[in-house]
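Trainee: The structure is given below, and queries will be raised subsequently.
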Amino acid sequence: MRTFWIVAVLLVGVEGNLLQFNKMIKIMTKKNAIPFYTSYGCYCGWGGRGRPKDATDRCCFVHDCCYEKLTDCSPKTARYSYSWKSGVIICGEGTPCEKQICECDRAAAVCFGANLSTYKKRYMFYPDLLCTDPSEKC
């Protein structure tokens, strides 16, 4: 189901933060978010439940929690400014929402980069129905 929503969003041409987040992931991991992070484990992609499968999946869990803490923001579509130099992502100026969304995405991209060694192909396109453990709280 997560994969369906991700593809649907991409087909309608979202130009906001999801594409910016993909670029951050590419900077930090040298991998495209699609297919490597869009439906990985129990939390990477749309929604999430259960326990994160590994450190990479935990990056997505923490990212979801970061988005949940944003009130009156549109984290999946709002655009923000950022730059990078020598592999360091720097969130730029903008509204408080834009800055917070950028920081959530930056932290997740950095987390993915720091945990590349935990990435397991067996968790790519992981079925939601296998995410049955009790969910953790943010």
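Cβ from N, Cα, C; glycine included.
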Trainee: If you check Swiss-Prot, which of C102, C104 bonds to C91 via a disulphide?
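Mentor: Here Swiss-Prot pairs C91 in a disulfide with C102.
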Trainee: Report the candidate from D64, D72 that shares the Ca(2+) site with Y43, G45, G47, as recorded in Swiss-Prot.
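Mentor: Only hit among D64, D72 in Swiss-Prot's Ca(2+) site, alongside Y43, G45, G47: D64.
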Trainee: With C42 as one half of a disulfide in Swiss-Prot, pick the other half from C111, C131.
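Mentor: Swiss-Prot says the disulfide from C42 goes to C131.
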Trainee: Say you check the Cα of D64 (Ca(2+) binding site) against those of the disulfide-bonded residues C73, C91, C131, C138; which is nearest?
Mentor: C138
Trainee: Hey, what's the Cβ neighbour count for C66 (disulfide bond) at 10 Å?
Mentor: 18
Trainee: These are the disulfide-bonded residues: C91, C102, C138. Which one scores highest on other Cβ atoms within 10 Å?
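Mentor: That would be C102, with the most Cβ atoms nearby.
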